[in-house]
Ligand SMILES: NC(=O)c1ccc[n+]([C@@H]2O[C@H](COP(=O)([O-])OP(=O)(O)OC[C@H]3O[C@@H](n4cnc5c(N)ncnc54)[C@H](OP(=O)(O)O)[C@@H]3O)[C@@H](O)[C@H]2O)c1
């Protein structure tokens with residue numbers, strides 16, 4: 001007997017990818033129910049070679065559903081996740097609504113799988129921000145080897161990180177440039193076509209943006225509260241795939257060669273690092289892939305025990321949908337959840 005899984009936000013960028021990944025990885029599901037807003041009721045979405053019809057989240061009864069993969073935004077999650085959890089359905093949420101709640105585990109399975117045990121307090125598990133997910137996959141094995149003291153990261157984040165409206169805006173503006181139409185910016189604060197914007201999410205009092213703050217708070221929660229991290233998050237005109245230029249300062253010495261060998265063996269990581277033309281991975285090449293790619297590894301001579309590297313991943317997969325499905329797999333593998341139908 002398999003599980004009954006609801007995918008809330010199934011018409012969105014992340015939700016569609018969740019359906020693909022559940023099918024690709026052969027998740028033990030007997031039934032998949034796609035959910036979205038009332039606007040989308042009856043819309044068809046694909047699950048492998050099947051077509052499923054979307055139902056409304058607001059009127060769906062979760063009492064016989066085992067897991068809800070939620071990617072419908074923060075305010076929807078704040079409203080619905082506690083109610084769904086109380087119905088005995090485990091929510092794995094992609095928004096930032098629950099990530100900093102002490103009673104909600106924030107999980108990247110390659111990094112802190114044991115933290116999942118606390119999920120029963122609210123029946124909610126949080127998935128990190130896309131830029132943090134790929135970063136901690138690369139940092140964890142290096143932290144274990146030489147203890148990271150400080151991280152300086154600059155991100156190059158694709159427009160799909162801002163949902164399907166973000167992708168539409170890049171497409172429309174690019175088309176408008178070529179046909180000399182007027183350009184309007186609605187989703188982003190400035191024109192994104194042929195440009196980059198050093199502003200993701202809202203500004204905080206200290207001048208950092210919320211996206212930058214999330215990278216600090218989430219890295220500390222998942223990896224080590226002692227790590228100091230400072231980030232600059234930038235939106236770039238790329239459809240899918242986030243890149244990060246990362247500078248690390250360690251307590252203990254570590255060479256670029258040692259780091260490369262450690263990362264080659266690390267779960268979720270793939271090292272593509274030839275010091276020649278094209279010997280690195282770009283965001284475009286990461287789209288549709290599961291790995292977190294590490295390139296441009298080198299020693300940073302400006303600090304003691306310093307390394308610099310380039311980290312790239314598909315933000316819709318490792319940054320969101322893949323990580324969510326991996327969390328569901330972890331629940332199943334550890335026997336932390338049983339199908340309700342079997343129990344009945
Ligand atoms: N994109 C990324 O890289 C990424 C990474 C990590 C986390 N996330 C998070 O994942 C979530 C979804 O992101 P996305 O990129 O998939 O956004 P998106 O493409 O804009 O999709 C949003 C989804 O939410 C649904 N929704 C909106 N209002 C709803 C309501 N009132 N009731 C039920 N469903 C509703 C939409 O359904 P309709 O089509 O019916 O409107 C749609 O399915 C966000 O919280 C985002 O922060 C995204």
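Using the three backbone atoms N, Cα and C, a Cβ is placed for every residue, glycine included.
Under 8 Å, Cβ to Cβ, and six or more positions away along its own chain, residue 130 (active site, acyl-thioester intermediate) finds 157, 161, 242, 315, 316, 318, 319, 320. Taken from TrEMBL, the feature active site, acyl-thioester intermediate applies to 130.
In this view, residue 242 (active site, proton acceptor) is surrounded by 28 other Cβ atoms within 10 Å of its Cβ, with every protein chain counted. Feature annotation from TrEMBL assigns active site, proton acceptor to 242.
Around residue 11 (NADP(+) binding site), the same-chain residues at least 6 positions away in sequence with a Cβ under 8 Å from its Cβ are 34, 36, 40, 43, 45, 54. Look at TrEMBL and you will find 11, 12, 13, 14, 39, 40, 160, 161, 182, 315 tagged as NADP(+) binding site.
In this structure, residue 99 (phosphate binding site) belongs to neither helix nor strand by DSSP; it is coil. Around the Cβ of residue 99 (phosphate binding site), the number of neighbouring Cβ atoms within 10 Å comes to 22. Here TrEMBL flags 99 as phosphate binding site.
For 157, 235, the entry in TrEMBL reads substrate binding site. Reduced to three states, the DSSP call for residue 157 (substrate binding site) is strand.
As annotated by TrEMBL, domain 'Semialdehyde dehydrogenase NAD-binding' applies to 4-119.
With a CB cut-off of under 6 A applied against ligand 1, the recorded positions 11, 13, 39, 242 are reduced to 11, 13, 39. Across the domain 'Semialdehyde dehydrogenase NAD-binding' (4-119), the prediction's mean pLDDT works out to 97.
In the domain 'Semialdehyde dehydrogenase NAD-binding' (4-119), the DSSP tally of helix, strand and coil residues is 38 helix, 32 strand, 46 coil.
Sequence-distant neighbours of residue 13 (NADP(+) binding site) (same chain, six or more apart, CB under 8 Å from its CB) are 160, 163, 164, 167, 316, listed in sequence order.
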